[in-house]
Amino acid sequence: MTIKQIAVKIFKSNLKRYLFYFLCNSFAVMVFFMFSTLLFNESLHRSKEIEEGINEAVMIPTVALLIFSIFFISYAHSTFIKGRKKEFGLFMTLGMSTRDIRKIILVENSIIASASICLGIIAGTLFSRFFFLIIMSLIGVKSVSFELNVNSYLYSIGLFSVIFAIAVAVTMVVTSKFEIVKLLKEERTSKKNKRANPVLAAIAFIALLASLYILYAYFGTVPENDGQLLLFCTISIMITLYITISQLGSFCLNIIKRRPSSYYRHLLLLTNLDYKFKQVKKIIYLITVMVIVTIFYIGFVLYIFLGAEKAATDLHPYDIAFVQTGVSFDKLSAVVATKENPITEHKTLEVSNYFDSANYNFRTVIVADDQLSAVANKPIQVEKGSYLILVQLNLQGKAEQNRMIADIQQDLPNIGIDKLQSAMFERLINDLKYIDNSLIVLNSADYQQLKSNTSEVQTAEIQFLNMKDWKNSKDAVIKLEEKLSAANKVTPEFEQLIQRRLMTEQEFFQPGSKIGLYDYNKQGGGLILYLVTFISVLFFIATVIILLLRLFSELEDERKNYKKLFKIGITEKEIRKIIAGELKILFFAAPILGIVISLVYTSTFFKESGMDLEIYRSSLSISSVYLLFQLIYYFIVKRKYANQIIGD
Amino acid sequence: MTSVLEVKNIVKIYDDEKDQFATKALNRINLKIEKGELVAIMGPSGSGKTTLLNLLSGIDSPTSGTIHIANKELSTMNKEELALFRRQHLGFVFQEFNLLDSLSLKENVMLPMILEKRDAVYMETKTKEIMSTFGIYDIADKYPYSISGGQQQRAAVSRALANDPSIIFADEPTGNLDSKSSKTIMECFEKINKEMETTIVVVTHDVFAASYCNKVIFIKDGILDSQIVKKGNRKDFLDQIIDCLAVLGGGTHDD
Ligand SMILES: Nc1ncnc2c1ncn2[C@@H]1O[C@H](COP(=O)(O)OP(=O)(O)OP(=O)(O)O)[C@@H](O)[C@H]1O
Ligand SMILES: [Mg+2]
């Protein structure tokens, strides 16, 4: 018999195992392919309808998906190989060399890998149009058409070939360590977890808590270092989490063992868990990480999505605001107002742009107190000879506020007024690219004098409009934007400023409107939300597959064990209880751990923004939905699995 | 003497769903075993020995007939009650040891007591006592896959004793062992039988093992064929068993 014939024979006898492995792989390829069609869709990139920055947003889930695919496939692969070790042991006793075994592995895996890439891509090609249409209709984008890009094919084939190659290569290396005796005993011994090292367990656990705490406590204190802090803490959390998960189980077991009465009472459950922990810990870790990422990310995106209206009204007190130069207000208002949606309120604020020639033409925006007061609808009075700093940001810490004030004072041009009256940290007027977040407010007499005295001042009028229904003002804003970009006059100083800010003129003069931000958040949040939801559903499916894979690969052993116990006289009720206990840990340890850690991340990112409770609500509702699904899944599996083990 | 075990007219028919071909594994068996007996059941392969043992221990139920153990009728009990009955009153030893790989030897021995929710201290002392008797207490913390077959079987015998059963069933307990280990196991049984007056029923192919018993029952094709009782010493009994097997035919297929 040649190797080839043997390989074919084995293939036939192990069909179920192969099929499962094959389908897992195809699934991963298909999902990635579907996603990549979105990533490489050029009309999506070019579309005006899609707000900028959203394309980048697709990138994050794609990377997450890729990393996930790597884990998923390598897990499926190692399960597949593990299931066959006994067979390999048998072959080796019959005189096969490691080389022959490698050949078998290589042939099998090449066939499965290429077949699953093919199936995955074919299925992906078929389903991606469907997937695309759903997503686009959900976010209300009509102008983008579906495209199949060569890149999708190339990347899917390329990346997955590499992933498979690596998985096989690892196995090849492992085969050199194959020993017949161990292979034959594989089923019985290998699952045994190494004895935990209590010191290591304690250190890892403390380090995990410390990393979480450091991240939470120090994130945002020194903004320049936030990136590094985040990276460092995340790496440290991921590592310590793994050690904790792998050690804590047996560590707890050792502690319980010291109290024989409770140890013996749960002996079967505890030893069963311990016995299988070597494999289970990887699954728990994988699922924990997936839960952290999804819960945090979805919670965050959901928050943006749901908070789109609040964000729009918070950032834009007036429905529409714009800088008017070079064209009369009447012409502009004619564009904006319609019969159904008239302008209900109109206010004007004159701003003086002071270009400081002594300081590289640094621009300062100056306004008069009475005008600002009228726009803001609140009394603001500045003493003659003094100035007031208005920062339109919600800065919480005193230290931060002081730093901001100092910064502004340092760049304050020499206008003959240098007595700081006070500083306000509040949003009073719309967010506009044209003005900065900080303004200088002067007494109106001082303001008029400054304006007339110096040639370095260029004034402009900002118009503030309220509409009858801002949610219906999208067309008005688009028309306004067109008119403005056609009409605006730009002085050399402004040209320089625009260049320095790396903006286009059109962006610089963009109106600041509620509807603009609202749409941006709704659309961006919406797109990401659907993508992330999609990925989370995949994660969920994947965890379902992983757990099933794990449970049903053990089914035979479990049955044998149950038979043994049955003969000794264990009751069905008792065995069901033990199975339930085991499944509970397998199903819920990871989600709960993941949710807790993701909440730490959420608090970290949102503690600055004044403890917005909405974000927690988003995160917690997502967590509950997830747990609910997991619970349903648990009950179904528990029944099925126990029935399978006990048999009729 | 009171009979611990009384079997009346049991019939066991295995229905094969596929070919509609039914096997009559046991046909009207009557049997009485007294307290303190050490009985061997012998017979050719496929004669229904394992089937009989499974019925006696409530693992399987007969097609017809009644089984009384310690004055309880098995057929009146449901699955749950049977399980409880098994672990409280019966002990088992199997050819393939049936130890759990996830448990150490000590824990394996304790298992029936753990299921009975015995007190931890009691379990520890009891386990130590039994395991020391069979010379395996020094390997109490080892796991089944790292010890020899003979040691595993001694652990299995220890486990069978854990709840002070009124009767122990053993299905080819020496089938996987060499003659030296077989001897040790049979001596264990002899010891238990003598010292604790535990009733023991051993199914075996091994004439040497059977010669340790007081009585040998022969079955063939699901029917009780004959039985002999030990009168003289073990050597004579051994010869007697060999003669009987020769008459029975089929004999000891794996020796
Ligand atoms: N679960 C079953 N389903 C159908 N037939 C069975 C089943 N178990 C046993 N049999 C049949 O019943 C008969 C008796 O089997 P049993 O296992 O009791 O024999 P045995 O005396 O223990 O044989 P051995 O010495 O080989 O162990 C055989 O013909 C066997 O094929
Ligand atoms: Mg048998």
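Cβ atoms are placed via backbone N, Cα and C, with glycine included.
Curation does not apply to TrEMBL; its annotations are automatic.
According to TrEMBL, the feature domain 'ABC3 transporter permease C-terminal' maps to A:63-172, A:534-634. Residues or ranges marked as transmembrane segment by TrEMBL: A:18-38, A:58-76, A:111-141, A:153-175, A:196-217, A:229-256, A:283-306, A:527-552, A:585-603, A:615-636.
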The answer for the transmembrane segment (A:283-306), taking Cβ pairs under 8 Å and residues 6+ beyond its ends, is 60, 64, 68, 71, 75, 238, 241-242, 245-246, 521-522, 524-526, 528-529, 532-533, 535-536, 539, 542-543, 546-547, 550, 586, 589-591, 593-595, 597-599, 601-602, 605, 612, 614-615, 618-623, 626
DSSP-wise, what's the residue breakdown of the domain 'ABC3 transporter permease C-terminal' (A:534-634) into helix, strand and coil? 91 helix, 0 strand, 10 coil
On average, what pLDDT score does this prediction assign to the domain 'ABC3 transporter permease C-terminal' (A:63-172)? 83
Take a look at A:111-141, A:196-217, A:229-256 and tell me which one has the most Cβ pairs under 8 Å to the transmembrane segment (A:153-175). A:111-141
As a test: from A:111-141, A:196-217, A:527-552, pick the stretch that has the greatest number of Cβ pairs under 8 Å with the transmembrane segment (A:18-38). A:111-141
Mind checking how the domain 'ABC3 transporter permease C-terminal' (A:63-172) divides into helix, strand and coil residues in DSSP? 94 helix, 0 strand, 16 coil
